[in-house]
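The transmembrane segment annotation in Swiss-Prot covers 32-54, 74-96, 103-123, 161-181, 193-213, 243-263. The feature N-linked glycosylation site is assigned by Swiss-Prot to Asn143, Asn292.
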Amino acid sequence: MCISEGKMDWRSWLRKKFQVRSQLLRGCMAEFLAVFVLMVFTEGCSASAIFTHRRNDLLFAAFGSGLAVTMAVYVAGGVTGAFLNPAIAVAFSVLGKLPWKNCFCYMIAQYLGAFLASLAIYAQYYDALNIFDGGHRQVLGDNGTAQIWSTYPQAFLSPQGAFVDQVFGTALLIIVVLSMVDKKNWKPQNGYFPIAIGLLIVVLDISLAYNAGAALNPSRDLAPRLFTYVAGYGTETFSVKGYTWFFVPVVGSHAGAIVGAVIYQLFIGAQWPQDDLDDSNSVSSMSIHEKNFSLAKRKNTRNFNLDITRDFKERNGISTVLY
């Protein structure tokens, strides 16, 4: 047996034994893995910045975050569209583009992926942490390392300013994302979509990260914050700013995503001619997958699950959605 045949036999065995039939569960698995990749790269870049005394280097952080998002979108883009962000998923559900059941399941997967990625980075840099802080975990200060995992606001930032910061940044994020996935707009081709999203994150970080790090993603902030609490950083991970900060990246991001979705629909989406408002503005990628899966079951199509990504792109022309 040749090597190539051996590989095919191994892949066929793996598919037979472990392929998941539920499209929803497949989506959750993809979101989990993609967010894990996103957070490992994002937190890894933050760790490198802190250990090399580049804590305030916005360009370093911005390009690291942008490239992390690009890689993560490539991971799950063909399966779910790569939401990667509970706030984005909620916004798409509000617009009727993602079933609420899928939204909630994806959110759980995203938080789990972010938490386990935080554990992975802690293990990866455990020795470096001990050298840097002498084994005494600190949240803030010269030897503080909690910013590897979560965002913390500048001392001058008020609670009101922090909330506006998160709403404004996430609204801009979703406005541009919706423009990229709108069939009637100048959306990038699927293969270039992750690059475009990465560039969006770069410019958002450069322009808006000074106040509080531009979290713009609840799973990117809350799950790692929970991890740092468990890992020995103490209650200061939540008590910073008198307990007026830790919930802002969660609530503000969700609010901002919904605001941004409404703004895009008002100024762009609702302005297309009525003839152009076809199913591209009302159907989600996952709902299309589910319809195809049901049809395949009725027709007893044995090979339906072998290449759902290619079927998704060629038959439906839908691009990935993010983030």
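Numbering starts at 1 and runs along the chain as displayed.
Every residue, even glycine, has its Cβ placed from backbone N, Cα and C.
Against the transmembrane segment (243-263), stretch 74-96 shows more Cβ pairs under 8 Å than any other of 74-96, 103-123, 193-213.
Between the transmembrane segment (161-181) and the transmembrane segment (103-123) there are fewer than 3 Cβ pairs closer than 8 Å, counting only pairs 6 or more residues apart in sequence, which means the two stretches are not in contact. Within its own chain, the transmembrane segment (193-213) has Cβ neighbours under 8 Å at 58-59, 61-63, 65-67, 69-71, 73-74, 77, 82, 147, 151-154, 157, 161-162, 165-166, 168-169, 172-173, 176-177, 180, 187, 245, 248-249, 319-320, 322-323, counting only residues six or more beyond its boundaries. A 10 Å cutoff on Cβ-Cβ distances gives Asn143 (N-linked glycosylation site) a total of 13 other Cβ atoms nearby, all chains included.
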